[in-house]
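Database features (Swiss-Prot):
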BINDING   437-444, 483-487, 537-540  GTP binding site
COMPBIAS  49-69  compositional bias 'Polar residues'
COMPBIAS  70-86  compositional bias 'Basic and acidic residues'
COMPBIAS  101-138  compositional bias 'Basic and acidic residues'
COMPBIAS  146-159  compositional bias 'Low complexity'
COMPBIAS  160-171  compositional bias 'Basic and acidic residues'
COMPBIAS  202-226  compositional bias 'Basic and acidic residues'
COMPBIAS  234-257  compositional bias 'Basic and acidic residues'
COMPBIAS  300-316  compositional bias 'Low complexity'
DOMAIN    428-597  domain 'tr-type G'
REGION    27-338  region 'Disordered'
REGION    437-444  region 'G1'
REGION    462-466  region 'G2'
REGION    483-486  region 'G3'
REGION    537-540  region 'G4'
Amino acid sequence: MSKKRLHEIAKEIGKTSKEVVEQAQSLGLPVKSHASSVEENDATRIVESFSSSKTKAPTNSVQTNQGVKTESKTVETKQGLSDDKPSTQPVAKPKPQSRNFKAEREARAKAEAEKRQHNGDHRKNNRHNDTRSDDRRHQGQKRSNGNRNDNRQGQQNNRNKNDGRYADHKQKPQTRPQQPAGNRIDFKARAAALKAEQNAEYSRHSEQRFREEQEAKRQAAKEQELAKAAALKAQEEAQKAKEKLASKPVAKVKEIVNKVAATPSQTADSRRKKQTRSDKSRQFSNENEDGQKQTKNKKNWNNQNQVRNQRNSNWNHNKKNKKGKTNGAPKPVTERKFHELPKEFEYTEGMTVAEIAKRIKREPAEIVKKLFMMGVMATQNQSLDGDTIELLMVDYGIEAHAKVEVDEADIERFFADEDYLNPDNLTERPPVVTIMGHVDHGKTTLLDTLRNSRVATGEAGGITQHIGAYQIEEAGKKITFLDTPGHAAFTSMRARGASVTDITILIVAADDGVMPQTVEAINHSKAAGVPIIVAINKIDKPGANPERVISELAEHGVISTAWGGESEFVEISAKFGKNIQELLETVLLVAEMEELKADADVRAIGTVIEARLDKGKGAVATLLVQQGTLNVQDPIVVGNTFGRVRAMTNDLGRRVKVAGPSTPVSITGLNEAPMAGDHFAVYADEKAARAAGEERAKRALLKQRQNTQRVSLENLFDTLKAGEVKSVNVIIKADVQGSVEALAASLLKIDVEGVKVNVVHSAVGAINESDVTLAEASNAVIIGFNVRPTPQARQQADADDVEIRQHSIIYKVIEEVEEAMKGKLDPEYQEKILGEAIIRETFKVSKVGTIGGFMVINGKVTRDSSVRVIRDGVVIFDGKLASLKHYKDDVKEVGNAQEGGLMIENYNDLKEDDTIEAYIMEEIKRK
């Protein structure tokens, strides 16, 4: 059974949807709104309920009532025609009676049919008469289509005109019976108006689509002409290229040229022959000028959804066009351009076939085929080695060369690359002077005199612990001085000082002469190729002998210019400032002869002089700028770390923003403290600096892991033997990185047989809680050099029983660690004979054992001594005494020529005349 919606039932019986919904709900039907559906029998019940709810009147009464209404209307009409005055007679209102809806619907339908027929004839006449001009035809069409227009005023005008015409001829047809006054909705009229509006809208859209199709056809024709012209031009160019390459033995190029010349026109023609389904289905040739179809399939355009779906339908699913858009003419196929092969090809190891094809502008399939002919099986995503790439390029006739890749993480390339500096921008720079010499020969005193400060008095034990970089000005020119330690432990720091210096001042005490560190400084300077200026210090002291110093230095290859050598000698007294001016003039003279120059326009490069950790500032590094200019906020890579220059201070502690060549500065902003002697370089941006720093740190870690010794069959015995060696674990914390290195190197050089030093951890900064935790876990001793533990670290060390040793002089640390190493060894014992006794008689006691009566013949016998039982010159037993008595008393010892009794633990086989030898094991102190 079919179903009906409530709004359709309301439309049929002339009721509102709300009334129908309420009536259906009162009948017990499960409906919610006017869109709810009911069965056909339920729909009949609803209609009958409306009919039965009102009192039915007889048919004749209805007819009589209709007759009265018609008659009254006729009378009123006649009165209106004959007399314009309003009637004074009161009109009686008809009593409300039951309505016959079926009769009313039939009457309305009949009236509408007659009206449509009459208006249709009138429309035909108007259309025939108004085809002479466009404007008049438009007006006639507007009048003829009045019944389709949703303009109720126009319908009323047509109705009034028809009424007047029929009134003149006295042939007015019977009108439908007058209905009682009320605002009823004329659904038929509204449906007719909606149909008219839809038809008009479709007509407008049809005309617009027709015009668009015509424009698209004209555009397609124009594009076809352009495509033909382009194809002819491409054929001519291909023919020229073919003639140009005819002399070259490249078969594949000929095939490609022929394909390119023959392909475009055929492809374009075949594609143009295709017609879309929408063009086939819509034949606009059958439409008239107004865009309305005269024949073919007439679809029911009254359904609004059908109209919308027809407008927005997409019949050709193969075309990726948007809905509602007509498919234009297909685009002509552009022909493939022919590209010349490059003359040179720069490749990198591991390039894929697809990358090579893109670079030389060839198809990957072509390269795969060539490789197959060469005996190499490859796909377009497969990597090729350098030899294969070169063979492939030879086959194409291209010169191939490998690309030189620059390692961005390599800082050393800036120092080795001569092209890094611009020769036109080289200017004179201040010399970098390093002061070297033996301990207490006056290096820091000389530097102190030069700077007019009292730094030297603050050195612990008279030893400079780390490099100091200072800059002074003499005769309008600047000189940079580096002060290096003289102790033997600081060999690496002296070597670093020689590597970054331009001139070496070798200071030798006139009363002390050449010492081991003096010779070492000479060797460092010669290895670096640095000129040496000898300053003979302490000439004011009694016993000073400069001539002896000159002769001793000549034995080591440092010859004075007075003796025909190359080294300048100046006799000074650093304490009293004697001949200091002459020494500075000599430095400037040697610097002028060396022609020291630098390029201040490049990005800065240089060397780390010293590095430390500051509690408030973090990592602080003392840098010596060798080339370029260092600015604040420059991204920088220092050793295996990176950062941005947050702040710069000079040797006087003042903030500076720019540091030129040969300028020492201290910077902050690094993520961790670098190693002294590391090189640094400024990068273009922070991203590049970060990448280079992280890569260098990764390489350093990998190198450290590679240096780890692994156990193998060859070194298995050595490893087991090394496990027997005892070790002293130490944790080193110092104020500067150079002191950390020197202290660690010195401790590792301590030679105590059977014991070695194991540096568990070494760093710059104060002793903190993590150091104490590490020392507890590794059973290590913490050595603090010029640093103090934090209060929290000290409390934790006391609680965990961790030993912290604090020092300020390096040789004190070495002595203390050496003592600890000696105490770590197992003690050595030496046997000491106390005395001898002879067994005179034996006594066997049950449940006790054998008691030997003895007499001491030499030395003494003690209670805690060990004894040997010797019989006939052979040791029978070696053990401990269980008891020792003199007569009946227990005694600790029995002296010479005395008698006593003894028992030996776990031994009862004593016999007369056995010799008892008493001895102890005495510890020997290591030297």
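Just so it is clear, glycine is given a Cβ too, placed from its N, Cα and C backbone atoms.
Sorting each residue of the region 'G1' (437-444) by its DSSP state yields 2 helix, 1 strand, 5 coil. Mean per-residue pLDDT, taken over the region 'G1' (437-444), amounts to 78. For the compositional bias 'Basic and acidic residues' (202-226), the number of residues in each DSSP class (helix H, G, I; strand E, B; coil) is 25 helix, 0 strand, 0 coil. Mapped onto three states, the DSSP output places I539 (GTP binding site) in coil. Taking each of the binding-site residues K443, I539 in turn and counting other Cβ atoms within 10 Å of its Cβ gives the largest count for K443.
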